[in-house]
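> OK, Swiss-Prot features for this one:
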MOTIF     4-32  motif 'Q motif'
DOMAIN    35-209  domain 'Helicase ATP-binding'
BINDING   SER48, GLN49, THR50, GLY51, SER52, GLY53, LYS54, THR55  ATP binding site
MOTIF     157-160  motif 'DEAD box'
DOMAIN    240-388  domain 'Helicase C-terminal'
REGION    385-436  region 'Disordered'
COMPBIAS  405-419  compositional bias 'Basic residues'
COMPBIAS  427-436  compositional bias 'Basic residues'
Amino acid sequence: MTQQTFTQYDFKPFLIDAVRELRFTEPTGIQQKIFPVVKKGVSVIGQSQTGSGKTHAYLLPTLNRINASREEVQLVITAPTRELAQQIYEEIVKLTKFCAEDQMITARCLIGGTDKQRSIEKLKKQPHIVVGTPGRIKDLVEEQALFVHKANTIIVDEADLMLDMGFIHDVDKIAARMPKNLQMLVFSATIPQKLKPFLKKYMENPEHIHINPKQVAAGNIEHYLVPSKHRNKIDLVHKMLLQFKPYLAVVFTNTKKMADQVADGLMERGLKVGRIHGDLSPRDRKKMMKQIRDLEFQYIVATDLAARGIDIQGISHVINYQPPSDLDFFVHRVARTARAGHSGIAVTIYDPANEEALDSLEKQRHIEFKHVDLRGDEWADLGERRRRKSRKKPNDELDVMATKVIKKPKKVKPNYKRKLATERDKVKRKYSNKKR
């Protein structure tokens, strides 16, 4: 089954062997769309969620055309975080495992926080593939230790995170050193307006491939919807965390400033809290990730973009401090829990202003929320969120009908409004009784 489905894309034998060992049964949705387009040499903007098979969607077809006899860089892959760059590099190692001895494909992982001089030494023999963070790759190119002028393909992974962390300028400088007929493959959960000038500069008529997020209502995730009711939201989150007693909980905020406010507020209330956002220095980020992996934190506050480039294991609870401004981020957030067969709880705190976004999540993403509130130490069922509005609707219809029957007189007298309202109320009561 594996061989049949992947061989239809004319992948070389070493890739088919690797796919078989990785136990891939059939190409995912994004892979089926990306493989033929990349093969044609077309530039691509790909949008898909975590866990969609995106990394292999771009690795398989680009590795397939590496010419091992040419000792020069043929493929550049940029990632916004060291952790993600390392993950991609490890996948390349797995996929090139079955190369013939005289056809070995070489790759280097070039990231900040490592000995740059040592990297320069290793680059005396240029690899076929470089994967790394934009800053380190750019530095090595500018120091003429790394030569990318013959590489026809560049992959920009998690592009919106690149933008958020200020790395797009570095990617721009790398791409500027590459051939004019460059194939650029950009992968991003969203395409922010500020990213578009960069895309326009390097991509002529790119293929836009968008895979809709999977239905996240399925599986083992319970979705709680909690009204803020003008309460102190940090107090509310604090109470939730104490009530849940999570293995590991992540609180998502929409901005870096808000992440700091929530983290500081929870720490003031006695919780030991980790934080992940784009303003952390590389050293602080590395330290934070080590602490998280060593289970030093039970609670983490994060922004969408900074957390997306990191694989955090064992998340039992996700709390949305507010619904995300982009609904695709909701999928990325809640998909971090209930992995590998485990169950999870995703809580979304909302204000009346969020009603429209919640409607979209229910209709477009098929989320089934439990409308609840934390009262004391117990969760109370609040019933349907839309109950009040649906109750009001018949009255609206009666008002319209009564206004048509009893019209405002052309010549008005004092107190006419009160008399008009009384007469219309009589009509509404009469009509209402008939309906019963």
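Heads up, the Cβ atoms here are built off N, Cα and C, so glycines get one too.
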> Do you know the DSSP helix, strand and coil residue counts for the motif 'Q motif' (4-32)?
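Per-class counts: 17 helix, 0 strand, 12 coil.
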> What three-state secondary structure does DSSP assign to LYS54 (ATP binding site)?
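DSSP call for LYS54 (ATP binding site): helix.
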> For LYS54 (ATP binding site), what residues in its own chain, 6 or more apart in sequence, show a Cβ-Cβ distance under 8 Å?
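Listed in sequence order, they are ILE30, GLY46, SER48, ASP157, PHE187.
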> Can you name the far-off residues of the same chain, 6+ from the ends of the motif 'Q motif' (4-32), with a Cβ under 8 Å from a Cβ of it?
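Non-local partners: 39, 46, 48, 52-54, 56-57, 60-61, 63-64, 94-100, 103, 209, 211.
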> Excluding the flanking five residues on each side, which residues at least 6 beyond the ends of the motif 'DEAD box' (157-160) place their CB within less than 8 Å of a CB in that stretch?
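Result: 54-55, 58, 77-81, 84, 88, 168, 186-192, 195, 305, 308-309.
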> Can you check how the pLDDT averages out over the motif 'Q motif' (4-32)?
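Here the predicted model's pLDDT, averaged over the motif 'Q motif' (4-32), is 90.
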> By the DSSP assignment reduced to helix, strand and coil, which category contains SER48 (ATP binding site)?
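Where SER48 (ATP binding site) sits, the three-state DSSP reduction gives coil.
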> Radius 10 Å, atoms counted are CB only; among the binding-site residues SER48, SER52, THR55, which position scores highest?
SER48
> Using DSSP, tally how many residues of the motif 'DEAD box' (157-160) sit in helix, strand and coil.
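Per-class counts: 2 helix, 0 strand, 2 coil.
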> Sort out the sequence-distant neighbours of GLY53 (ATP binding site) for me: same chain, 6+ apart, CB within less than 8 Å of its CB, listed by position.
PRO27, THR28, GLY29, ILE30, GLN31
